[in-house]
Amino acid sequence: MRAVLVLDLSLIAIVGFYLLLAPYTKVEESFNMQAIHDMLNYGVFPSSVLQNYDHISFPGVVPRSFIGSAAIASIVKAIDFIYTKVAGSSLLEDTELGQLNVQIIARAVLGAANIFGLVAMRRSVDKIVFAERKSKVKGAIGFAFTLLLLSQFHLNFYSTRTLPNFVALPLVTYGLSKIIRGDMSGLTWLAFTGTVFRLEIGVFAASIAVVSSFGFGQSNIVANLFLLVAGSLVGLVVTTSIDSYFWGHLVVPEFESFRFNIVHGQSVHWGVEPYSAYFSKYIVNFFRPPHVLVLAAVGLLNDPAHDGTPMTFTKDNKIVISHPARHSLRILFFASIIFVAIMSFQPHKEWRFIVYIIPVFTLVAANGLTNLFWRRSRLIGHKFLLLLFFGSFVLSFVFSAFMSYISSFNYPGGDAIGFLNTYLDENPPKHHVVVHMDVPSCMTGVTKFTELHNPLIEFDKTENEEDLSRKWNNFTYLITLVDMSKPQASDYVVYDPNHWEHLALVPAYGGVNAVTFLLTAYNIYNDPNLRYNFILAVWNDLKQGQFNTLESLLRRAIVLRDFMFVYKRTAQDSMPAIILLKDETNIEVEEFVADTEEPFLGSIEPDTIKEELNDQIDDLEVIVEQEIVEKSFPTLEQ
């Protein structure tokens, strides 16, 4: 269907737009992104090159797998080989922003893999629809599936981000596409992915195996267990051999993570939430407005693979499988519910731990939407219901676009190093300089891809305060959360504000300001001259392929706060006395823990935005009421 092709291209366009809108990454993505950089720039063999890798200096709390990074780096390397043959230069050559273009390409490769997995699910469901076998119109459920995906935030925005969950997601969706067709070998893919990337995927696979066998009798539990064990063993061999090479010792990363987070319970240090949080908070946040959840309930009422024949049983009361794909959508849906219920026992919760259910819920919802659409009725209520779902879809699309836009302001570290790279490109150093990047900047956008690969420029990420003090006078530039015009809060790092030139201030997301945005829009609507000039400006922008006027209007809805600073040294600072004392007497010094009043950047929560919008809309109603009163009763002011 041409319409499906258009939707596929639209999905690619949306994912690509979100990638370019926010090209930088955050700390959760850093391991895979740094590993991709190191593989491309240093190679993999011999083992001595691994000493240049980022994980040697910054290993993290628990080891992670290099397999996903290696796969992405291999594809990027192939792209670079072709590009070099055609253009005569390598993609790995620095631009004024370092290798940011290569980082974008690496993320695009992951995004393409995730889109491929979703397309595989769509094609699978279209193959099992019994009612369309003799129909000229085919692929209705797949069409609805892609349509519903277009309006979602989490899958589209994060599909290109190298979080372990999204590196694993293409294999998950591919495994699910097999199970949709009734091919239970998809369990092998899920078990393999769980062993290598994320153990919770193994829990998901086990849930599917149990629901398929005991819930619907569509498969044999012994055969399912064999498939699960086979996938796990293959994954164990692969991850042990490859990851042990990169880490330099025998290791199974996901088992180490399980031991640290679950057995020893260390994950609670990242926060805990009640058992109900996944159901009451995170699943709801996946689908705003909740039309997907409503349609999923409708989708459970109909099995697209049902051929009209009744279920039959053997003499020992076992179900005779007439169609291997029968009940496949129901199996995946109820398995998803059980999976979330099991994951809810873990006190520490994050939405990405259950992200694998989003395609399943969306696919079941697509089945529900298709049934509602084909059951044509002259009843006004039926037409109103379809109109309501269409309006909800549009609202969801707008909400997702707005969420993506404000999320783009959540990477001040990336913007800061981008500014400094441009500055150094325009003012190339004539001697060796050192750029120090503090922890918050590295957590909000700085990667080795964003660092200039210039022998005269050294990038430093020292974290320990004592080591930092010893290196302090070697730093030529600083990217830091600290406003150095204020007194320092550390006994180990002493600086004179007059010795540092302020180059740039990079803002970050601070909240929403619906009142200013809506009042501006209201004034444009009411004033004919403003309205004409606004339309004219938008039209001129569009003719040049720009959106400056619309972005300027949208920017009024966002509150930015000062966050990251860029400085250049103008003079040397004094060495703190406590460091000199330790050099002389070798006494122990307690580790310094930096204390800052600035709240650190976390994920943007839809609930928080909703509360802010509600409060500001209440304030706006008061303003509008006052304006109406003043216009209606002007004499009262006198």
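Cβ atoms here come from the backbone N, Cα and C positions, even for glycine.
Copied from TrEMBL, the annotated features are:
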type	residues	note
TRANSMEM	5-24	transmembrane segment
TRANSMEM	100-119	transmembrane segment
TRANSMEM	140-157	transmembrane segment
TRANSMEM	187-215	transmembrane segment
TRANSMEM	221-239	transmembrane segment
TRANSMEM	353-374	transmembrane segment
TRANSMEM	386-406	transmembrane segment
Original post:
Among the recorded stretches 5-24, 100-119, 187-215, which has the greatest number of Cβ pairs closer than 8 Å to the transmembrane segment (140-157)?
Top reply: 5-24
Original post:
Relative to the transmembrane segment (5-24), which of 187-215, 353-374, 386-406 accounts for the most Cβ pairs at distances under 8 Å?
Top reply: 386-406
Subject >> Residue numbers, six or more beyond the limits of the transmembrane segment (353-374), whose CB comes under 8 Å of its CB atoms >> reply: 117-118, 121, 125, 140-142, 144-145, 147-149, 152, 154-155, 158, 165-166, 169, 172-173, 176, 180, 198, 200-201, 204, 278, 282-283, 286-287, 291-302, 304, 329-330, 332-333, 336, 339-340, 343, 346, 382, 385-386, 389
